[in-house]
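I have placed the structure first, in the form of structure tokens, so that the comments after it can refer back to it.
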């Protein structure tokens, strides 16, 4: 009985020492690594939110592109699964995943800084927006970026390509940080469960963009046929 009380007292002392970490689990897991993992979780959730919004946009009666709707709905689910996988990983390492408010508009600002050559995120006097922002129903049409004759499928795939490249770069930065810290387990997880998939997604989206850009004489018909293949 005394041993049990001592063990419980020791456990409480360990937890009280740093409420942000589970010290009897945590090993070779630095605080700055935990912080960057939480930021990556936020990025995955923002990507999920953005793709879900695009899915809703393509499901509108005046847009009616069910293939694009399906594609972005599945992409949203995938990003949310990535976030959950990282949450589980933080807990596995004895870390602490505390979330702040998800600021989507600030994420657009980051994309603009990261991809100044992409012309995908539009800078206006009101703020920063993707090419398609009609899905944000609180925004008026004059706050959106310039429309390219209703080429919404192309615009969405270009936006998604920029987003995936941004997320991939942040994963690479996190991998470099983990490597510098000698965190072999995290580098292994990132290489085998995240980076491989990101590279594949970037290649797939780049192919989609190339195909959609090729529909120059009759974009609407090309987009319709492309949408059929996505279903």
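Glycine is no exception: its Cβ is also placed from the backbone N, Cα and C atoms.
What TrEMBL records for 44, 79, 82, 164, 198 is Fe cation binding site. Residue 44 (Fe cation binding site) has a Cβ environment of 24 other Cβ atoms inside 10 Å.
Annotation source TrEMBL lists domain 'Ferritin-like diiron' at 27-216.
Annotated signal peptide per TrEMBL: 1-17, in sequence order.
Residues or ranges marked as transmembrane segment in TrEMBL: 108-130.
Residues 44, 79, 82, 164, 198 make up the record's Fe cation site, and a Cβ search at 8 Å around their centroid adds 43, 47, 78, 167, 194, 197, 201 from the same chain. On the 0 to 100 pLDDT scale, the model's mean across the domain 'Ferritin-like diiron' (27-216) is 79.
A C-beta separation below 8 Å, combined with a sequence spacing of at least six in one chain, links residue 164 (Fe cation binding site) to 47, 198, 201, 202, 205. Cβ neighbour count for residue 198 (Fe cation binding site): 19 (other Cβ atoms within 10 Å of its Cβ, all protein chains included).
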